[in-house]
Amino acid sequence: SPPLLRLFPGRLSAFPLFLLALLLGFASLLWLQLSCSGEGPAPGGQDPGVPRQPCPPPAPLQPPEEEPSWGPHRLALLVPFRERFEELLAFVPYMHRFLSKKRIRHHIFILNQVDHFRFNRASLINVGFLESGNDTDYIAMHDVDLLPLNEHLDYSFPEAGPFHVASPELHPLYHYKTYVGGILLLTKQHYELCNGMSNRFWGWGREDDEFYRRIKGAGLQVRRPSGITTGYETFQHLHDPAWRKRDQKRIAAQKQEQFKVDREGGLNNVRYRIESRTDLSVAGAPCTVLNILLDCDTNETPWCTFG
């Protein structure tokens, strides 16, 4: 007989078989927990510096709309996106579960750029803000490849001013003191006070640095987490630079323009069209996908194309 069956003497009854099934099930769950993100060593000698995929979340919590303990505020999670579906499949259920556990009313908006211009994260966030509806009163500008691992991170209503969740002391890659990228919370009133973000940043980088100067120009103070002891392991960064190259090319006058403050553009002049709006569920987690066609004046910003 198989070795495991020898643990049970005499004739094997239903109870020992049931007990054996429970033990095997527990061992399988324990192995799964230790082999994905969270705790335990990387499986199979994997390099600990390589980000691991998050564990499959339990069945997502559905926020009870009439439950007073969840508070009066509702978050619009704005996620700029283009062709990163593997990260999206991990992000949506993970963030829905994370925010629901913290009793944060929320709606996830995937801002999918479907035009043929270069990626424009700032314009997508402007569009997401304008399309997020009146039932949300604050936003999170949230990268799709950044998952919060520490449950003490605060995603609540940032009444006192912009709250930078992915602060330089915690972000796994960017540590300079004026950094406000990754995950930033603002009330809708404060975002309007800044006139949103500049639409002049096509390609990767610098739009956050310009927005920091807008925040300061609006008389707002950036706040950051305190009492978080997990350091650079506070977030999981899903991005693989070897597989997915960033568009860092600088075209025409873009190299000089990227360091300037855009004092005219923002929410007031973003040009776009919504090709489609689709409500869907990812592993039981609800979200809305906005397929967005941005527009570009090539006389004003010729670097919006690769040509």
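Any Cβ shown, glycine's included, is placed from N, Cα and C.
Copied from TrEMBL, the annotated features are:
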type: COMPBIAS; residues: 51-63; note: compositional bias 'Pro residues'
type: DOMAIN; residues: 72-155; note: domain 'Galactosyltransferase N-terminal'
type: DOMAIN; residues: 162-237; note: domain 'Galactosyltransferase C-terminal'
type: REGION; residues: 42-69; note: region 'Disordered'
type: TRANSMEM; residues: 12-32; note: transmembrane segment
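In this model, the domain 'Galactosyltransferase C-terminal' (162-237) carries an average pLDDT of 94. Secondary structure counts, DSSP: the domain 'Galactosyltransferase N-terminal' (72-155) has 28 helix, 23 strand, 33 coil. When the domain 'Galactosyltransferase C-terminal' (162-237) is classified with DSSP, helix, strand and coil residues number 20 helix, 11 strand, 45 coil.
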